[in-house]
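First comes the structure, then the notes that go with it.
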Amino acid sequence: MNDLIHKESAVSDGFRCGFVAIVGQPNVGKSTLMNHLIGQKLSITSRKAQTTRHRITGILTSETAQFVFVDTPGFQKRFRNALNQAMNRSVTTTLADVDAILFVVEAGRFGPADQAVLELLPKDRPVILVINKVDMLPNKSALFPFIEEVAQSFNFAAIVPVSAQKGLKLDVLVSAIEPLLPESVPMFGEDQITDRNERFLASEIIREKIFRMMGEELPYVMAVEIEKFEEETLADGRELRRIYAAILVDRENQKPILIGKNGTKLKKIATDARIDMEKLFDAKVHLEVWVKVKSGWADDTRLVRQFGYE
């Protein structure tokens, strides 16, 4: 009974809490936006399309609201294998469960691919148009006509120009989102920034370093599998994570591309990933990474699910 009274009191105080999907075509800055909104790097970023493959949840808690942001993979129709079908399902499933949607476009660019994403959005959810990368717009006077043009395509709840990379106007965006969330007690602790565990975050960090290292050489059909994740406390009280990870590729001839001459590329990937993990986990990290061939895994629904794709 006391718990019920406590919850009702929290709601009556006007605290708001809800899920907010971040959607848009690949490479408009969705992951960068979420990372800067929550003040922590959770969702991996690179210039290559389809860097984000999973739904990543980032949590921002203020004195008056808790925002549960969901960074989604960019919806795409180019490939029809089991992996991409799972990624597309992830987007549509997310949209059905959220309280508000951030539709992200790049300033000065709104084409058929953006329109296609917009048409997927449910009509019964408030949608905020987030115009990202305004700092990169060559002609700043073109911003207002661009806003007017895109505004005609949908009944947006609000339109907010931002620069996610530079953190510009993100406070305005948060203020626009808050009244769209339902009154509710918080779903997560005030210090919690994600619902993903360290094992998952480790695999994502490795994947990001692969994207950044490989560039155009990157095999599209690639995944990271954490084969072992161990935690222990050292004699001096410091935390230690022992992480053993396999990079999965589809063909044998892709292995040397990732490994590099004398293993230089793979070593660089592992070193950069370890540094980021130590920052995120606030622990010493022992990381071992190798490359494995698993032919046809992206077409195997069972394996796709095994690697965490819904």
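Cβ atoms here come from the backbone N, Cα and C positions, even for glycine.
Nobody curates TrEMBL annotations by hand; they come from automatic prediction.
The range from 60-63, 132-135, 292-295, 300-303 that TrEMBL describes as region 'G4' is residues 132-135.
When TrEMBL is compared with the stretches 71-74, 195-198, the one noted as region 'G3' is 71-74. The Cβ neighbour count for THR72 (GTP binding site), using a 10 Å radius over every protein chain in view, is 28. For VAL134 (GTP binding site), the same-chain residues lying six or more positions away in sequence with a CB closer than 8 A to its CB are ALA107, LYS140, LEU143, PRO161, VAL162, SER163, LEU168. Residues in the domain 'KH type-2' (206-295) partition by DSSP class (helix H, G, I; strand E, B; coil) as 41 helix, 33 strand, 16 coil.
Cβ atoms under 8 Å from those of the region 'G4' (132-135) belong to residues 28-29, 33, 104-107, 143, 161-166, 168 of the same chain, restricted to positions at least 6 beyond its ends. The binding-site residues examined here are GLY24, ASN27, LYS30; by Cβ neighbour count within 10 Å, the least packed of them is ASN27. For the domain 'Era-type G' (16-183), the predicted model reports an average pLDDT of 83.
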